[in-house]
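Copied over from Swiss-Prot, here are the features:
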COILED    217-307  coiled coil
DOMAIN    439-630  domain 'B30.2/SPRY'
MOD_RES   Lys273  N6-acetyllysine
MOD_RES   Tyr278  phosphotyrosine
MOD_RES   Lys567  N6-acetyllysine
REGION    180-450  region 'Interaction with influenza A virus NS1'
REGION    355-403  region 'Disordered'
ZN_FING   13-54  zinc finger
Amino acid sequence: MAELCPLAEELSCSICLEPFKEPVTTPCGHNFCGSCLNETWAVQGSPYLCPQCRAVYQARPQLHKNTVLCNVVEQFLQADLAREPPADVWTPPARASAPSPNAQVACDHCLKEAAVKTCLVCMASFCQEHLQPHFDSPAFQDHPLQPPVRDLLRRKCSQHNRLREFFCPEHSECICHICLVEHKTCSPASLSQASADLEATLRHKLTVMYSQINGASRALDDVRNRQQDVRMTANRKVEQLQQEYTEMKALLDASETTSTRKIKEEEKRVNSKFDTIYQILLKKKSEIQTLKEEIEQSLTKRDEFEFLEKASKLRGISTKPVYIPEVELNHKLIKGIHQSTIDLKNELKQCIGRLQEPTPSSGDPGEHDPASTHKSTRPVKKVSKEEKKSKKPPPVPALPSKLPTFGAPEQLVDLKQAGLEAAAKATSSHPNSTSLKAKVLETFLAKSRPELLEYYIKVILDYNTAHNKVALSECYTVASVAEMPQNYRPHPQRFTYCSQVLGLHCYKKGIHYWEVELQKNNFCGVGICYGSMNRQGPESRLGRNSASWCVEWFNTKISAWHNNVEKTLPSTKATRVGVLLNCDHGFVIFFAVADKVHLMYKFRVDFTEALYPAFWVFSAGATLSICSPK
């Protein structure tokens, strides 16, 4: 039966560490005692977490008894009780059957020798010599003998002065045969039987307690091991963070050095001009000073002929006032460097603020599981071999769209470009990092509308995909429900079941953004799809298959759809929808566009085909217009 030992842990509740009692199973597949799990969730409250894997449930799951596991536990407990304990397993100590030599009972007849037996009728203890009459005389034949008993008075009933030969488990006391009348509703037993029963109960309790002590020891070891794992993980992450911050400090130091050098170079340039001007002015001053001295000297001459000869020469020499040319620092350059530094500081503050915000839980309702995305089993449009063979470029983390630059215009230090190069090096070793994709997604969620418009593309509706009930106008940028069926010529890409139309161009890589104006905001949808999406039947409707993703307005309800799974969204008064498609990092975001952009829903998907903008209109008067950037 040694194989039952490892099974004991599998059949134990991780909350109470005991074998399952009325076991129930959670949706995530873990088993617990029904009472343990109910008490845990009652204290915990919403949201409800699985005590083992920490899976989150917004609503309390409906629990049912696991009858198969219950039967297995019962059979295990029966087998566990039936099997003999192995040699290396602890067993309770045996109860002493005879008094120790130090606690001998004296003979009540001679008071010298040690008693060998006690007569429960005579209520006396006898040595071997004085016990002989009980063996020889017929009068003593029915007297029960027991090993020597100390303090016989305790064996007598104080009420009836009779020997207490029975034990009442209900009142936990020994009673005589006359007391049985008062305990007729109880279940008394003989002293030997009651002693054996209690001994068996206590032995089993000790065995259970020993098992619990072992379980507690294992739990303590497990907690210590988990603490060690947490400590090692935290230390490893701290080292990684320190490395990242060291690199950021190096970038900041390099930026500071470059900016300081540019300003110093500008200072040197201006001072060099001032030095040149100073030398010119010094020479000019010397020339004027020499001319002044010559004039003063000529005025001292008394000979008129000599004076006229000298003065006529000096009179022809002209002088001009001293002129200082305009020389200033390049204030535009200095202001640009200073403003770029302020912008960088503000960007850092915003990034630090986002880091300090509480992280959303894993059960984010505004996010779709990429595992639910599959290829359509009924392709209509084939994808070229070149597209299938083409590899995705390594994802690059999106940096703020307007990072500052430093230095003179001819030698700019672009931190954004430096960040992209560093990110490209990082992604070369981890091309499919989920954490990197999550960071890029968070970066785009924090962008403003002007920043999103940097990725704007012009969407043209494809005439060959439009349903006969969809009218196209305004140079194929407006789709509406036609009052009369349109006589479009047959085409294999045309929708025949749902009033839908696709964009003309597909997108396999890169980042793309477009906006759609909704009129009437009723019975319409905006999304994306693979070119292989069905064009016929109910599965061709946007979001009702694995090849399309959309946000849909149906009466007053707004929903996100994919793979025929609906997620109800909060209502919005915005009449314009922005769609951001990031093929490289695998996500599409739907924004409600007003004065600011607000998140409606996001899907994270590892796209496998080229994607087309997709639109659905149904109700009369419903119109979708492709917007121009404003």
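A Cβ is built for glycine as well, from the same backbone N, Cα and C atoms used for every other residue.
Not measured: the values here are computed from a predicted model.
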For Lys273 (N6-acetyllysine), the number of neighbouring Cβ atoms whose distance to its own Cβ is within 10 Å equals 13
Taking only the CA atoms, the spacing between Lys273 (N6-acetyllysine) and Lys567 (N6-acetyllysine), expressed in whole angstrom, is 70
Residue counts for the zinc finger (13-54) under DSSP, helix then strand then coil, are 11 helix, 9 strand, 22 coil
Using a 10 Å radius on the Cβ of Lys567 (N6-acetyllysine), the other Cβ atoms enclosed count 17
One should report the C-alpha separation between Tyr278 (phosphotyrosine) and Lys567 (N6-acetyllysine), rounded to whole angstrom, as 77
The correct three-state DSSP answer for Lys567 (N6-acetyllysine) is strand
In the domain 'B30.2/SPRY' (439-630), averaged pLDDT is 93
